[in-house]
Structures are given as structure tokens and as C-alpha cells.
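Enquirer: Please find one structure pasted underneath; my questions will follow.
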Amino acid sequence: MEMNEEVYTLDGTVDRHGQPAIRGRTGTWVSGILLLVNQGLATLAFFGVGVNLVLFLTRVLGQDSAAAANNVSKWTGTVYIFSLLGAFLSDSYWGRYKTCAIFQAVFVVGLVLLSISTTLFLLKPSGCGDEETPCGSHSTFHIVFFYLAIYLVALGNGGYQPNIATFGADQFDEEDPKEGHSKIAFFSYFYLALNLGSLFSNTILGYFEDQGMWALGFWASTASAVGALVLFLIGTPRYRHFEPKGNPLSRFCQVLVASTRKWKVERTQGEENLFEVDNKESAMNGDRKILHTDSFRFLDKAAIITPKDYAKQGKKIYGRNPWRLCTVTQVEEVKCILRLLPIWLCTILFSVVFTQMASLFVEQGAAMKTKISNFNIPAAGMSSFDILSVAAFIFLYRLVLDPVIARIKSKPKGLSELQRMGIGLFIAILAMVAAGVVEVLRLKDAKKDCPNCVNASSLSIFWQVPQYMLIGASEVFMYVGQLEFFNGQAPDGLKSFGSALCMTSISLGNYVSSLLVSIVMRISTRDDMPGWIPGNLNKGHLDRFFFMLAALTTADLVVYIICAKWYKYIKFEGRKGADDNSDDGQAEAAAATEHRV
């Protein structure tokens, strides 16, 4: 077959009609840019609700601070729980395109209902909802309507988020060297789009909502979500798709059951007696075969061929029993997940550090000098430096550091994902040390008897800039590397699950942070001491909490290095192009596979 523009992708993607995807007509940056803008608009819409939700609950619904904070925590946690649901439906049944479209539609419906309820029911009397004018009481119907709306927002955003990053990566053929490089870059720009969307909602929308213009803020979020959905649907003819592989839980359980049933079967050396489908059947299913590894050898027994593995009726032999005999690829899928778990657990403590930016950093900033002339800088607004740092370091890494390191190492790629995640943990340690040092300096200039801790220190809030910038830099190395790592190392049938792991890490980071604060306050509070993190920070020792987090993250980094050295990268068998047009194409695919692993 002649080489022309009708070259098929090598990674098994299909077009919207289920036919092998043609490289020149599908995917690449045409689809990628649409999805990046989609992500930015969807993030703007989500944080347009989430960034000031606690203020809405206190000012509009009349809840006390503790109840409002608790309800926001439950709502945020629900978002991450729904991310696992979205990943499961995507990997198992719907595919990423359908899952993204459905959950985005649910997201839009939730925002429309929220905007309607706020406009018609909740902002009564007119003009209420700012810092000075609380709203009146509301009927049970109005409250139920509101909670239905925000939990539809949680369902829509949670189910959409883990799939959109993976779906964007699907638009680039990792078996092609040029597109493989673009795929790696996509994750960086994806995280940048997420941060730019949140920057607008945290600043512009956050300002209007803080002034009591809740209906305007929510309708703006709705318009942004509608725009995101329209853009997503416009790209439909161009997208590449991986077909769903069926329920991963059943495949996982089949390996465990089969290996347990054969626990007495002797495992001989070599792979000759291990079952695997042939290349033709694998290609027809759109699967890439995973090469065998020696770790978790007990699971290999699930792929050992025995006479009992095939169903019989009389003298006739029927297909294999999947609960007795599994393919090597199926066994390796389970091994992949087991190898990923220690790495994933090590990322949770980083999320604990990241969480401080939205909680204790803000409290620390509120207790510093926040006025410049007559302008008051909101403590939460300092997170803008984090977003600017993320943008700067993404471009610095992609355009400067990565090419330089790759040239030094004489390899196509600079730092590996695991190396970048380790660097992210190290920078997070520096961020906590910086925050602790700033707190020591703040306490030196603090007004000890300040009851409300507003401008309680003469130290300028701009001393916080380094810790926010360091957090932003650490995000670029950790979270972008984490997205790439889990997407690249998850088996083909579990790509969305890999992205969901990233979101779940952030969720658990919130819970662990709350647990650490509770434990620290319980231990450090005595009759003559209000604890490390009291209501009046000038009477506490927030610096010790930051230094403690630095020490814990250091220990976590040591454990992470051990896990990273133990980790074995997934290895796929080289795939022939759908057109089988040249040895060069096959060599390219093999080279790309070797580069990836």
C-alpha cells in the first residue's frame, strides 16, 4: 500500500463510525485545542460556584460557619466520588466521548437550576447576600431545590473531569514519535488551562459574588459551561476514540479467582505455558498486548494452561473459562494496578501540602498587613501567584528545561514522570519551610492581643509570595507528571481510572489535612496553651505545623524514592499499523514504545 495521507493511527484508535482512525483527518492539536478551551471554560464554571460556596451558605442560606464549612467539604468530597463513577462508566461501557458529553450536559442542567433558584427564590429581599445584608428565611422546597442543583453540578463535573484529560490524550498517537511528544505536552497545557479557568473565577467572578451579585456570578458560570459543551460537540467529527473494554472489575476478579484456583499448580520457568491470544485477535479487539513481567508471580498461575480450563460437553471442546484461564495481558493489568498503588499513596501527602494553600495560607495572610494605601488585598487573592507560577513553570519546563536535559542525557525526553514527581515533592518541602519561616517573622511583629487577627501583624502579606510560587512550581512537576504517569502506565482499559486516581489523591489530601489539624490541636491544646492553630493565630504556633508538614513530606519523599526505584514500567508489544504499509512504520512504533517505557 502506498504511503499517502490515508495513513492509519498505530495505537488502535477509531473514528466516530468505529473505523480505524486516519491520521490526517482525526485528532492531533485540532481536537486538542478544542478540548483545552473546553477544560478552561468548564473549570471557570465549576469554580465560579465552588470558590465562594461557603460564603453563599452563610450569607444567603443563613448557616453558621461550621455548618457551612462542613457542607462544602461534603460537596467537594462528593465531586471526587463521582469522578470514580465517571471513570468506571467510561472505561467499561460508554467510552470517553459519550461519558464527557453526558456529564457535561448534567453539569449545565445543574448550573441552570442553581441560577434559577438563586434568582427567583433565594436572594430575598432584593439586594441581600453581601457582607452587610443577610437574606431572609427560605422554605424547605427552596432549600431542597438548591441542594439538588449543586449536587447535579457535583455529579456533572465529577463524572466529566477524569475523562476529559484522558480523552484529550487519546487525540495523539503515542506510537508515532511526533504525536507522542505532543501527547506529553498536552498534559502540561491541560493543567495550564485548568489554572487559567480557575484564575478568572477566583478573581473576577469571586469579586462580584463577594459583593452580593450571586445571580450574575452563577449565570456567568452557566454561560461558560454551555460554551464548553458547544465547543466539545463541535469537535465530534474530528475526535479519535478508544472503544470501552468492558467491566474492569470482572477482569480483575477473574485473575484473582483463577490464580487462587490454581494455587497448587507448579509454575515452570519461561512463558511458553502461559496463555495469550494471538496478534490477529488482539488487533481485532483494539487491544495492545502487555509483555510479561516477573513481579507478583503468584498471579501468573491464572495464565497457566491446564486441561480443566476449557468447557466440555461430551467430546466437544468449547471456549475457555475466563474464571479459570486468563491471558497474560489480563494478568499484567492487575499487576500494573498493584504496582501503581504505592506510588499513588505517596502522592497523597503532597496533596496535604497543596491543600494548605486554600486554608492555612489564607488564615496566615488574613493575619498580616493586607493594605496598600487604601486598597485591601484579600488573603484568598494571593492564590493568583500560585496560578501565575504554574503558567510560568509550565512554559519554562517545556521550552527550556526539558530540551536542555534531553540534550544533556542524549535522549528524546528529559526527566521521566517519576523523576518529575519526586522533584515536585522536594519543592513542596521548600514551600512548607518558606511558609514556616514567614510565620516566624509574622509572629515577631504580631499584636498579641488581637481578638480577630485582622491585620494583626505589621509584616506585609507579600511575604507569602515565595510559598505560593513554590507551591505552583511543585504542582507543575507533581500534578502534571502524575497525569502523564497514570495515563501512560494504566492499562488500555483503565485510562480514565488512572486520571481518577489523581483526583482521588487530592480528595484524600483534604481529609488527611483535616485529620492532621485535629490531631495536632488535640495534642497541643492545654489549659495554659490554645494549641498550634487557635482562632487567634498570634497566640499559636502555625510555624510548627508548617515545619511538621515539611518533615512529614521529607519522610514521604524517602519512601517515594524507594517505591520509584522498585517500580517496573509497563511494556506493550509493538503494534503494526492498520495498513501494514512498511517496516519503517513498524520500527517507528517499536521505537516509540521503547521510548515510552
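Quick reminder: no glycine exception, Cβ is built from N, Cα and C everywhere.
I grabbed these lines from TrEMBL:
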REGION    576-597  region 'Disordered'
TRANSMEM  33-57  transmembrane segment
TRANSMEM  77-94  transmembrane segment
TRANSMEM  101-123  transmembrane segment
TRANSMEM  143-160  transmembrane segment
TRANSMEM  186-208  transmembrane segment
TRANSMEM  214-235  transmembrane segment
TRANSMEM  340-362  transmembrane segment
TRANSMEM  382-401  transmembrane segment
TRANSMEM  422-441  transmembrane segment
TRANSMEM  461-480  transmembrane segment
TRANSMEM  501-525  transmembrane segment
TRANSMEM  545-567  transmembrane segment
Enquirer: Under 8 Å, at least three CB pairs between the transmembrane segment (545-567) and the transmembrane segment (340-362) (pairs 6 or more apart)?
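Expert: Yes, the transmembrane segment (545-567) and the transmembrane segment (340-362) are in contact.
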Enquirer: Any residues 6+ beyond the ends of the transmembrane segment (382-401) with a Cβ under 8 Å from its own?
Expert: 185, 188-189, 191-192, 195-196, 198-199, 202-203, 357-358, 361-362, 365, 414-415, 461, 464-465, 468-473, 475-477, 480
Enquirer: Counting only pairs at least 6 apart in sequence, do the transmembrane segment (143-160) and the transmembrane segment (501-525) share 3+ Cβ pairs under 8 Å?
Expert: no
Enquirer: Counting only CB pairs under 8 A, let me know which of 33-57, 101-123, 214-235, 340-362, 501-525 has the most with the transmembrane segment (461-480).
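Expert: The stretch with the most contacts is 340-362.
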Enquirer: Looking only at residues six or more beyond either end of the transmembrane segment (214-235), which have a C-beta under 8 A from one in the stretch?
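Expert: Cβ under 8 Å, 6 or more out: 30-31, 34-35, 37-39, 41-42, 44-46, 48-49, 52, 56, 60, 100-101, 104-105, 107-108, 111-112, 114-115, 118-119, 122-123, 129, 201, 205, 208.
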